[in-house]
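Participant: Could you have a look at this structure, given as structure tokens, before my questions?
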Amino acid sequence: MSSKSKSIGIIGAPFSKGQPRGGVEEGPTVLRKAGLLEKLKEQEHDVTDYGDLSFADVPNDSPFHIVKNPRAVGRANEQLAGAVAEIKKNGRISLVLGGDHSLAIGSISGHASVCPDLAVIWVDAHTDINTPLTTTSGNLHGQPVSFLLKELKGKIPDVPGFSWVTPCISAKDIVYIGLRDVDPGEHYIVKTLGIKYFSMTEVDKLGIGKVMEETLCYLLGRKKRPIHLSFDVDGLDPSFTPATGTPVAGGLSYREGIYITEAIHKTGLLSGLDIMEVNPSLGKTPEEVTRTVNTAVALTLASFGVAREGNHKPIDYLHPPK
């Protein structure tokens, strides 16, 4: 292993019940089929594949108020939290292949149980910070951040399946990038808690270079700490990731997405990565599915050091001919 190589633990989370559309549970399968593990190994990373979690059906999972599938989502996240904690205890960077974005509850909880001073970068068209009481859809993939924030303790009712969750990050520990579809209740929460965000307006105004400079300065300025990148592929414009459940026009470009992941890699502090909401059933054509999957793979590889300028091994490529 070279000095740049990382120890990575990959866990698939084929789960879809945080939202209504079938197919997102196939995310781990299509990402693996695209050669993600082989491509990481080509970069001389030490990759351990922990396989895919298996989620049991939860009978009689009646809604809580309007929140759908609460027990299934709660239980799946508890399983994922345990798996991610195990990967972190083994000294590896956790790579979670989703699945819908409700799984960030488990991924970040498990990560924070081992690395408590976590910083979270959340790339998404949405803030995913509705509470079970502010949600208008009842879909838990729009609520994960509300379960994770200490400041919202007391604002979250006792949802069946979630008794294991302890809020593990503060409002000052998270930065959003790519926002462009935020509910009024979510906007109120983000503003009231003073959460740092770069909506597409700020990305347009500042450019992605400045956005990343400010993001990393804000999260790491006082001290270096582990970074958890939770990447919803709908953060990118639907022209690059069409096969996803809640696409919103006017998103991050492919180049901006890659720049975000390159900048995080360069800190040397990436400690956990979620690649979420790839849904192969929602591509209108096979090409749309391929485009989405290839983009998700490229974002992952850039997070682990694949650079657009090229990469080379630490050898002398110019040794004289024999």
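Residue numbers in this text run from 1 along the chain shown.
Every residue, even glycine, has its Cβ placed from backbone N, Cα and C.
As the structure is a computational prediction, the values presented were derived from the model and not from experiment.
Look at Swiss-Prot and you will find H101, D124, D128, D232 tagged as Mn(2+) 1 binding site, backed by sequence analysis. The Mn(2+) 2 binding site annotation in Swiss-Prot covers D124, H126, D232, D234, and the record cites sequence analysis as its basis. Annotation comment: Swiss-Prot describes H126, T127, D128, I129, N130, S137, G138, N139, D183, T246, E277 as substrate binding site. Per Swiss-Prot, the feature phosphoserine maps to S7, S62, S163. Annotated N6-succinyllysine per Swiss-Prot: K17, in sequence order. As annotated by Swiss-Prot, region 'Disordered' applies to 1-26.
Walk me through where these features lie, including what they touch and how far apart they are.
Facilitator: Every protein chain shown contributes to the tally, and the Cβ of D232 (Mn(2+) 1 binding site) ends up with 27 other Cβ atoms within 10 Å.
In the three-state DSSP assignment, the secondary structure recorded for D232 (Mn(2+) 1 binding site) is strand.
Reduced to three states, the DSSP call for D183 (substrate binding site) is coil.
According to its DSSP assignment, S7 (phosphoserine) is in a strand.
Annotation note: K17 (N6-succinyllysine) sits in a coil segment as assigned by DSSP. K17 (N6-succinyllysine): 25 other CB atoms within 10 A of its CB, across all protein chains.
Look at S62 (phosphoserine): DSSP puts it in coil.
DSSP assigns S163 (phosphoserine) to coil in the three-state reduction, placing it in neither a helix nor a strand.
Long-range contacts of the region 'Disordered' (1-26) within the same chain: residues 32, 36-37, 40, 43-53, 55, 68-69, 72-73, 76, 80, 83-84, 86-87, 90-103, 106-107, 139-142, 144, 245-246, 277-282, 304-305, 313-314, each at least 6 residues beyond the stretch ends and with a Cβ under 8 Å from a Cβ of the stretch.
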Participant: For D234 (Mn(2+) 2 binding site), just count the other CB atoms lying within 10 A of its CB, please.
Facilitator: 28
Participant: Listed recorded positions are S7, K17, S62, D232, E277; which of them have CA atoms within 10 A of the CA of H126 (Mn(2+) 2 binding site)?
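Facilitator: So the list is D232.
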Participant: Whole-number answer please: how many Å between the C-alpha atoms of S163 (phosphoserine) and D232 (Mn(2+) 1 binding site)?
Facilitator: 26
Participant: Return the residues near H101 (Mn(2+) 1 binding site), defined as same-chain residues 6+ apart in sequence whose C-beta is under 8 angstroms from its C-beta, sorted by sequence, else 'none'.
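Facilitator: Result: G18, D124, D128, H141, P144, S230, D232, D274, M276, E277.
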Participant: Reduce the DSSP letter at E277 (substrate binding site) to three states and note it down.
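Facilitator: E277 (substrate binding site) sits in coil per DSSP, no helix or strand.
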Participant: Looking at Cβ-Cβ distances, which residues of the chain lie under 8 angstroms from N130 (substrate binding site) while being 6 or more apart from it?
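Facilitator: Non-local contacts for N130 (substrate binding site): T136, G142, Q143, S146, D183, G185, E186.
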